[in-house]
Amino acid sequence: MSAHQPSVVAADAGSEPGRSLDSSHSGDTGPSRPLYAQPVYNQPGHRVLLGTDRPLRLDSGAELGPFHVAYQTYGTLNADRSNAILICHALTGDHFVLDRHPITGKSGWWEMLVGPGKPVDTDRYFVICSNVIGGCMGSTGPKDVNPATGEPYGLAFPVITIGDMVRAQKMLIDHLGIETLFCVIGGSMGGMQVLQWAVSYPETVFAAVPIATAARHSAQNIAFHEVGRQAIMADPNWCGGNYLLEGRRPEAGLAVARMAAHITYLSETALHRKFGRNLQDRKSVTYGFDADFQVESYLRYQGASFVERFDANSYLYITRAMDYFDLAADAGGALTNAFRKDGRPTPVRFCLASFSSDWLFPTSESRAIVHALNAVAANVSFVEIGTDKGHDAFLLDEPEFHQVIHGFLEGCAEHRGLTVRRRAR
């Protein structure tokens, strides 16, 4: 799948080849070892410098700029620029929606939903996805060089919010010359960004699809994130956030953070079906602390593979951004107020989807958003998908979910007057 770039965009001339992390132990700091995963700029896609004339004002009061945003595009932008869909990625995601990941080599993370002839049809729509600021795959984040010091930001990087991420995305969309987004879609943290887009820029967004998400982060989810952050910061190789300067990486702590978080993305039923109490490559337990059970081995693998592609400080910053998210906070504490503008309901068309076995972002969270939208007479549809796959169901093969997305986008396209662009044969 090739990426398409509008003529208004120029690729960053200062790009450099990326290097991936190796999988050796975090205590190994030999000279041949790269200190950290460099953003991969020589892959299909784009990286643009924004905020050169005016920095991005952050919710904290700090400023960021100039800053880079890395992004991918798929499909073709039509003549009136009315067919653009923005995909917002989740906590540990990135902009490689369809392309193979440049570090892991894995297929695009949403290739089941996005592509030619799929619900998010790249024969019909111009699809954009950017790496969030604070990330570690090309957009400016704590692992990048602070121009004021010539050294990696580390914890000198300003704390960011979901609102800051969305404002950076808006700057990218403006840079691309797109005045209206046909749809903004995303799951989990991506769904938070979708909601923020709809509230911050209701005249820019025609349709919004928040999936498996919430209007604010719950106490339980903040608690899970704090466990992960403490695991990272307790790793002696974290070095107070300055591990890049010290030539170290807190791999052990980051791996534990990933293991703990990954449990929340699944369901008890899915874990039982996949692993049960099955042993890992042995006939009996070892009466020790090796990975006797398959589920233990699976989680260790998830942790070990994660540290090859993700930066520990980025994990701290992005989880904190999710914790701070509260859509009603700037609307007098009432979610209904967030969906009103000048006393009128938001013009954005919404489709919310949740999953019955998702205990990280349960259906009650989506229903609360739907109730607020209904209270202001907004255009909203909602579906709970019955599945035992847990929170990550939105990334998996769920035919009913895919049908819902297809149907909603078809209805919006008909209302919008978008026509199908047939592929050349």
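Cβ atoms are placed via backbone N, Cα and C, with glycine included.
Per TrEMBL, the feature active site, nucleophile maps to S188. Look at TrEMBL and you will find D358, H391 tagged as active site. The substrate binding site feature in TrEMBL is assigned to R258, D392. Per TrEMBL, domain 'AB hydrolase-1' is recorded for 83-395. For 1-39, the entry in TrEMBL reads region 'Disordered'.
Feature annotations (TrEMBL) mapped to structure.
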residue	record	DSSP class
S188	active site, nucleophile	coil
R258	substrate binding site	helix
D358	active site	coil
H391	active site	helix
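Here the C-alpha separation of R258 (substrate binding site) and S188 (active site, nucleophile) works out to 16 Å. Spacing of D392 (substrate binding site) relative to D358 (active site) is 8 Å (Cα to Cα, whole number).
Between the alpha carbons (Cα) of H391 (active site) and D358 (active site) lies a span of roughly 4 Å.
If you take the C-beta of S188 (active site, nucleophile) and look for same-chain residues 6 or more apart in sequence within under 8 angstroms, you find A90, L91, I211, A212, T213, L360, F361, H391, F394. For D392 (substrate binding site), other Cβ atoms within 10 Å of its Cβ number 20. A 10 Å cutoff on Cβ-Cβ distances gives R258 (substrate binding site) a total of 22 other Cβ atoms nearby, all chains included. Of the listed active-site residues, namely D358, H391, the sparsest Cβ surroundings within 10 Å are found at H391.
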